[in-house]
Amino acid sequence: MSHAVANKTETEAAPNSSLKQSAAPQPANSHDAKLLNGTLARTNGLTHAASVATSSSGSYGSSSAAGSNAGSGGPTSSASLSIAAGVASSTALPLPPSSNGLQMPYERFRADDTSYVPIAQFYAGRSVFITGGTGFMGKVLVEKLLRSCPEIRNIYLLIRPKRGQEVSARLTELLNAPLFESLRQEKPKELSKVIPISGDITSEELGISEKDQNLLCRNVSVVFHSAATVKFDEKLKLSVTINMLGTKRLVELCHRMLSLDALIHVSTAYCNCDRTDVSEVIYAPPYNPDDIISLINWLPEDILDQLTPRLIGKRPNTYTFTKALAEHMLLKEAGNLPVAIVRPSIVTASLNEPFAGWVDNFNGPTGLVSALAKGMFRTMMCEKNYVADMVPVDIVINLMIAAAWRTATRKSNNLLIYNCCTGQRNPIIWSEFVKHAMTSVRKHPLEGCLWYPTGDLRMNRPMNTLNCIAKHFLPAYILDGVARIMGKKPFVVNVQNKIAKAVECLEYFATRQWRFKDDNVHALLHTLSPKDREIFVFDVRHINWDKYVERYVLGFREFLFKQRPESLPASRKRMLRLYYLHQLTKLVAVLLTWRFLMSRSKRLNDLWSSFLENALRMARLIPFL
């Protein structure tokens, strides 16, 4: 099968060719020169950086300049200097001679196929290792495996000790969450299959003890890597450490596993957000991942923070930047491991499993819809006719489980990528999503709403800024002022600042549109038996967005705000009062504006008097008046 490598003009260099760089790169401008000179003067560990960069000479994406620098005894590699100075070559790094960008064969399930192994049967007797198991997606993955693959042997969770809490206590807290309620009642013994592994994704060897490493290497045959920092404004150093180095360290562990059948890496559809059309391929990286890792090891963090905007280029944040490089790290380091990458778009509340509307965080649209429900969010920069590519978390998890099954059973080292998105097969635009959300938060209001939920999407920045001041911050300062007078603690301004920060992170994705191709997802769907399609649902064409958004609102009402359905009647009465107050406020605002204009313009006053006089005359012509 031929390699469907995207952007041929960027990647048609021979696989073993090197990135072209100037022998003596110069800073792009005087400001960068000062930063770089200051760095070289203040940093003592540059010799180590040179050895790291030089050791990669001749490997995938390595720099010929780095190799020549080794003999000169220079303090750092030419590649690292180029990156720091912001003058790295525009020539894209070649992709390694791997099966990047393959399209999955389109094979339909046949009822007479005796070789077909059901997904649950595939997981029977197997042990699974999960990173990020205490996160939003990880929790749903653990619950789904326990519920739908009852003969699974063990699930090992990488858990970090946190705030003095041991991993066993954190696991107990996890399994006592509402998400596992049905399992606790119906299959309590299944929970004993979950085994904590103490570790830290930011540490060498993942912070796992030698004993636990040996345990994993002997027993694990499927690995799900979902650990990541999803903070869009994360520092580059920490983002690289978690998203890139964490991936590299996990792959090193996987190479030691005696019976590994599948490694599923969770990326993001937006790792290639610098292009409009995104296929199920790995695109040429902006930099050699090893150079970026070398850079964070020797560059002072304050200088690194200043250079971050130049490094990430057209990408909006460190999250998408490091996720893109992590895919290349995986492609380079995996070798002959059976690997697949799942790229979800914006992950939101569950569609059906384990119950509709489950969500445990305020990230992304959840936080904004929650603020809308509270009456604290009324305007946003957004292209209302663009696709809001959101995907329910259980859809992503079912795809991950099926992708691991397919990776293991097809017995091929070719890396496949699955874009898990809704925009191509069942799109919803932002205006429709907001309309459904507005209807739902009014129908199922939160307790303690501050105002009647309403708002608009805009693409006029000055108008949006004026509305933010008038509708967000001005009322917030007034309410906090009243709170201080009454001797209460002010909080509204602080909440509005958090909302503004969340909006700023989401704005990039709400004002742009992408076309994510999902042919591999569609092909995988058709290889499943009808029964497996019912158990592991990831066909996004069946999502009813109106019903989904309503369940979404009911879900965060119950699971985030801890408000029971019994409180809805009282909340609806309060919502009705807020509606009348909202209408009265608008009427008063119109009258005050009109009164102000009348007092400032004699001509307008005369026109108004003339209008009233003519209206009165016409009224007298009506017989019954």
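Keep in mind that glycine also has a Cβ here, set from the backbone N, Cα and C atoms.
Look at Swiss-Prot and you will find 14-29 tagged as compositional bias 'Polar residues'.
Swiss-Prot lists 1-39 (among others) with the feature region 'Disordered'.
Residues annotated as region 'Disordered' in Swiss-Prot: 56-75 (among others).
For 1-577, the entry in Swiss-Prot reads topological domain 'Cytoplasmic', with the evidence type similarity to another entry.
Residue counts of the topological domain 'Peroxisomal' (598-625) by helix, strand and coil are 22 helix, 0 strand, 6 coil (DSSP-based). According to Swiss-Prot, the topological domain 'Peroxisomal' annotation covers 598-625.
Annotation comment: Swiss-Prot describes 578-597 as transmembrane segment. Here the transmembrane segment (578-597) has Cβ contacts under 8 Å with residues 375, 449, 451-452, 454, 604 of the same chain, all six or more residues outside its ends.
Sequence-distant contacts of the topological domain 'Peroxisomal' (598-625) (same chain, at least 6 residues past either end, Cβ-Cβ under 8 Å): none. If you average pLDDT over the topological domain 'Peroxisomal' (598-625) in this model, you get 78.
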